[in-house]
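**Q** Attaching a single structure in structure tokens format; questions to follow.
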Amino acid sequence: MRVCSFCHEEIEPGTGKMYVKRDGTIYFFCSSKCEKNMIKLGRVPRKVKWVKK
């Protein structure tokens, strides 16, 4: 199973989204909420309260 790059929640096979940056870095996201917070808004997961510790 894959793990979300933002909230570290397990992602079921066949769900979620894989995001590849131009430099080759691969991110996996469980939801659009996680994707937007990391990519678009540039938030750091450890500073967001709803992310698992």
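Just so it is clear, glycine is given a Cβ too, placed from its N, Cα and C backbone atoms.
Pulled the feature table from Swiss-Prot, pasting it below:
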type    : residues                 : note
ZN_FING : 4-34                     : zinc finger
BINDING : Cys4, Cys7, Cys30, Cys34 : Zn(2+) binding site
**Q** State the mean pLDDT for the zinc finger (4-34).
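**A** Here the predicted model's pLDDT, averaged over the zinc finger (4-34), is 96.
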**Q** Counting every protein chain present, what is the number of Cβ atoms, excluding its own, within 10 Å of the Cβ of Cys30 (Zn(2+) binding site)?
**A** 21
**Q** Hey, what's the Cβ neighbour count for Cys7 (Zn(2+) binding site) at 10 Å?
**A** 18
**Q** For the binding-site residues Cys4, Cys34, which one has the sparsest Cβ surroundings, going by other Cβ atoms within 10 Å?
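**A** The binding-site residues Cys4, Cys34 were compared, and Cys4 has the fewest Cβ atoms within 10 Å.
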**Q** Write out how many residues of the zinc finger (4-34) are helix, how many strand and how many coil, based on DSSP.
**A** 3 helix, 10 strand, 18 coil
**Q** So which other residues, same chain and not among Cys4, Cys7, Cys30, Cys34, have a Cβ within 8 Å of the centroid of the Cβ atoms at the Zn(2+) site?
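**A** Near the Zn(2+) site, beyond Cys4, Cys7, Cys30, Cys34, sit Ser5, Phe6, His8, Glu9, Ile11, Gly16, Phe28, Phe29, Ser31, Lys33.
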